[in-house]
Amino acid sequence: MKKVALLDYGSGNLRSAQRALERVGAEVEVTNDPDVVLAADGLLVPGVGAFDACMKGLKAVQGDRMIGQRLAGGRPVMGICVGMQIMFDSGNEHGISAAGCGQWPGNVEKLEARVLPHMGWNTVEAAQDSQLFAGLDADTRFYFVHSYGVRWWEFEGDGLTRAPLVTWAQHESDRFVAAVENGALMATQFHPEKSGDAGAQLLRNWIDLL
């Protein structure tokens, strides 16, 4: 049974994520203990709320350093919702700019849709060769609830680095990043733990990669 550390930094629906992971066969510990986080097979970083507040909470438990240490060693990390957003360079919400973890270039900004938050079920354009979306049909829907996102992707591969796999979604005129697969670091803007059977399959796919 794979062991997953669910990072407790004062943000995110921890119990919902814990139950979802346990249902697909993971052994889960809710923790911010560095020893437990670094030893786990996988680290899941949830996130609900404002970008700046989440980053402050993350730094208060040295979560940003733990994420960096795991990734430096090629150890799997997955972010959900704001847990995905904070992996980018920066975020700007309510006029407050904050630095993120800097794992990916890009800025989290408010969507331009008339109806916000983008809340409910939506399809995604899964990246070719995606491992997270393996076994899921193109018309599969996932549960979103957010008003901010990343609308521009600036990380292209070259001869030395492989470009991450980027999955997109559309809400009104906004096209935004719905998921990223970048070696050991993966993340989703939607909530797999609230996405029924489809979300369970995606989490199972991630667990199988650990």
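Every residue gets a Cβ built from N, Cα and C, even glycine.
According to Swiss-Prot, the protein has these features:
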DOMAIN    3-210  domain 'Glutamine amidotransferase type-1'
ACT_SITE  C81  active site, nucleophile
ACT_SITE  H191  active site
ACT_SITE  E193  active site
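According to DSSP, E193 (active site) sits within a helical segment.
A distance of 6 Å separates the Cα atom of H191 (active site) from that of C81 (active site, nucleophile).
Around the Cβ of H191 (active site), a 10 Å sphere holds 22 further Cβ atoms from the protein chains shown. For the recorded site, the residue listed as 'active site, nucleophile', the DSSP three-state label reads coil. Mean pLDDT of the predicted structure over the domain 'Glutamine amidotransferase type-1' (3-210): 96. If you take the C-beta of E193 (active site) and look for same-chain residues 6 or more apart in sequence within under 8 angstroms, you find N13, S16, A17, R19, A20, L21, I80, G199, L203.
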